């Protein structure tokens, strides 16, 4: 028999991503729509342990759909990794009468949610919110599309300078394990080369390719490098190596860094977040637990949280070919 | 037996859309990659008739991936609708040795391409480029994602003013037959109401809904109206009607107009255009004709042009529900 | 002898402008700095009459410097134009112990402030906040620089479309009495023609000029038209007239409208607002009244409110010449 | 007696800046207006030595007013520092019949121009184009206003993340010798602390100030650091120092880097560049040489190049006070 949910808690956890506010707003207003109470938990699991919890209504979330970051704040909690921490968290959920929890974040956040469910049978639903698009079982995560636009916009600016000076730029973008941002933003920004974690190009082939590119008439070059690239060098070492082995270019390095996490969310991320928020509340209402609400081919889907935590398999082959062709 | 293509022509036709340049660039560079000659045809079918045709190489399309509009220019051609016009067009294709044509545009452009194929057996491939996302057989058209971001950005600005003055704004967005822009941008911008061509809400229900919305504590309102909405009133008449029947708001009308067609393409549109350009050249190489290269669930697909010209079926139900819930 | 101010009220009035929030923030934090109490008055003079007044501290204005609009809201008040209305307003100032008032707005707002001073000897200081830059005695008003960027960004988008189609666009921008926005944004956007309220070009000279422009090889044209232009036609009539008298162009009309008032303020407007806010509080502290804090050649200056209300004299000659030359 | 100028050359030199294209366009079109020939010299003094020179007409500079960088390209030339290099450069000027040179750039560029004038009596006029605003005798340099907006936009994004996580960010912005960018963008972005080259705050006072700031209720902090700050530490060392001495914040470092040089120029920079281009051509026509065309209180002025090369005196006191007050 389905336990009827009445009071839903919502938190954001892990790195923030543009569109998290739109997701919170959607969870809150879905609660209003279905006559549920909604509680906002501040600072992720840390705030759950501390009892930093406030009731939210439809008006509490006005004017936030277009704001980056998360107004509920986010944090990484060491204490929640201990049974004692989780006990306190659970006690607070009970204290506020919360009987269903929506967790917006990435895999660390989902692991925490699973623990709550396993140890206390507490109903939990996840929403994928991370710019890295590295969650299994969903085509897109909230914030990824915005991050791509931010990266492309930054590289457009750098290209102004690169082509004014016949320079070669190495630009580091986010992506420790996943090359999605590097690959897509690299194609979108017209990068000459793209280094991703999933493939080891080898620095020598990189140099060869850049030489060909120069010979073909290119007077400036952009190389997009994912944080977790396999060159075996950090981006500054890589820059020096390229400068040494490739004559005729001034080499410059730029690390885009934290600007990639912020900014007004794109329309896509706002709509995605709105859909997933509705889906999460409806899943809890339907008695579901231990699921992530994702999107597959435009459709909202429910995926077991354990599946979401599996390593995502990337099929970058076709995109790599598009990158090769269009950077010719 | 497959006729081996050697010289490919490319043109843009109909209304321009952000990302068309990225698509042209991809077609040109795919030709270089596959050792084909590429010819740019200016001003769409009009330029084809006039013989306004120039060879393009990989360097001709540098620094255009981030530019709105189309550097090949676009036009609507009356003459191409006549057999005489198409005869001239065909003669020019022959004169330049072009043996495959890529047409970037919407349904009018595809209709023209089909005629060329039917009358002269000329190989044609279409790429969907229009901000309206109203082409059957592809999840997305080039320019649509950028237009959504442009609309949402404009409404964000208008909301600053709306909420500073307790005003109600009616904002007209593109979409004569399709509510995709209105619905998605409306959700993304947090609109209180969205009027689309596919559904007749009735002005009285609109007024009722706005009254409820005001009672719930909202102090300003945004109503997004697609050009082809079914209210039976133009947007200025609708504004007057609302002002008359809803006390306590100042009503303002804003027609977003042509800004929706321009601007630097989003990363999504640049990548989509890059993929479709490669797909179009590969299709011609494989001896395909009368197909559109589209995208279905991230995969590049070939759709018969006749299918692409069928009326797209919209399934907006779920999105309308998301709009209803999140605007509560 | 100088009356020592202890409690300062701040309100925004008239049309909103980007940077008003930055000005409020600066007033509030200047009060903290000088150990004064600060009261935010909502909805301009209307809220002053209604007593919609709340204490603000340095933390109340966090995260607003980058937001368009005004979080204190703005309104036009009929009642404040009556002696009875102003009596209520004054009574509320006394009730809250407010002994100095900062009014952020345009000439209507300053007129109201002067009345309060004249009738009740109440100390008032004005800060020029309006996108129109039509206030005498200050080089810039808050919001003007942002509006210019918004307009130029919109016209950049429209030009994408114009040059893709060989079209002529008439674009209406704000400015009933002042051509500052039209002239500067017109030059900045590379407009072919600019119609301003201060000069009657005559529609026939416009047509002649456009013909010359076309003959010189231009294939598209942008005409920027201030709301208060002297053509004697509204922009739609003007569009029809041009289409009739100028062959070879499709003519389109775009009214930019309310997007010009919104958006994140530019750096210039944020810094200007920050300076003026400090200046306003320091002026009240120094016992000044009936002055506007403005900026003249980068220096913060005090101007009698009566001078600020005089008609600004425009010297557009040099800029008009620059427009003529650079649009050649 | 004034030598009548007939053929004007224009080049960009040194670091590129947004608005340089608008300045070139204005020089070219001013030449058309005054019936002069105009020659574009590529890659600065290097191209002058190599004879990389092409005639430009009014149509050559279409659609560039809104583009960042410089389409004439820029470079630093070692050879031009030698008498032999300058001899070659002069010979090329003579060869093309150029009898007046407009140099767009910073102090290095002006030094080169002066040499040409001193050694060969060649008429030269400078236009200040650099994002650093470090040229004496002009209120603003081309590109500075755009750079401020780019920096503020980037910090807005970082603040989303900072306030979502209670973090402290150190953000490095351009400015080796001048604190203009750091100070203005710091105020505009609402930074808690700003470190500039002109003032040695001392790291201990920084820590004290941050502690006070935290005590006052701030939960995140932004510190803007100019490249040439006087802390005696690079920004990563500074970050470590702060993390060690200030408990309760996670510290992050972000180096904005080259994005600050690119992007579509702001309206202000476009108009400024347009005015200065006209001024430069008119100065050469009037027989002026060894002058820079600058702007002082909105008026176009001529300043001896030697004065422009003097060290600019900064009067940051008032702005520092505004920063102190508004970050309270």
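Every residue, even glycine, has its Cβ placed from backbone N, Cα and C.
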One of A:15, A:19, A:175 listed by TrEMBL as binding ATP at the site of A:76, A:77, A:106, A:107, A:108, A:109:
A:15
Quick one: which of A:54, A:159, A:176 does TrEMBL put in the ADP site with A:25, A:26, A:27, A:28, A:29, A:190, A:191, A:192, A:218, A:219, A:220?
A:159
To which of A:198, A:199, A:227 does TrEMBL also attribute binding of substrate at the site defined by A:130, A:131, A:132, A:167, A:174, A:175, A:176, A:252, A:258, A:259, A:260, A:261?
A:227
Reduced DSSP assignment, residue A:130 (substrate binding site):
coil
Check each residue in the chain of residue A:106 (ATP binding site) that is at least six apart in sequence and keep those whose C-beta is under 8 Å from its C-beta; list them in sequence order.
A:14, A:15, A:128, A:129, A:130, A:132, A:134, A:135, A:141
Using only C-alpha positions, which one of A:25, A:27, A:76, A:77, A:192 is spatially nearest residue A:252 (substrate binding site)? These are the binding-site residues in the record.
A:192
Substrate site residues A:130, A:131, A:132, A:167, A:174, A:175, A:176, A:227, A:252, A:258, A:259, A:260, A:261: biggest Cα-Cα distance, Å?
33
Determine the Cβ neighbour count for residue A:29 (ADP binding site): the number of other Cβ atoms within 10 Å of its Cβ.
26
If you average pLDDT over the domain 'Phosphofructokinase' (A:7-284), what do you get?
95
Taking the Cα atoms as reference points, how far is residue A:109 (ATP binding site) from residue A:192 (ADP binding site) in Å?
36
Less than 8 Å, Cβ to Cβ, versus chain D; work out which of the binding-site residues A:77, A:176, A:192 satisfy that and list them by sequence.
none
Check residue A:261 (substrate binding site) against DSSP and tell me helix, strand or coil, would you?
helix
How big is the gap, in Å, between the Cα of residue A:76 (ATP binding site) and that of residue A:259 (substrate binding site), rounded to a whole number?
20
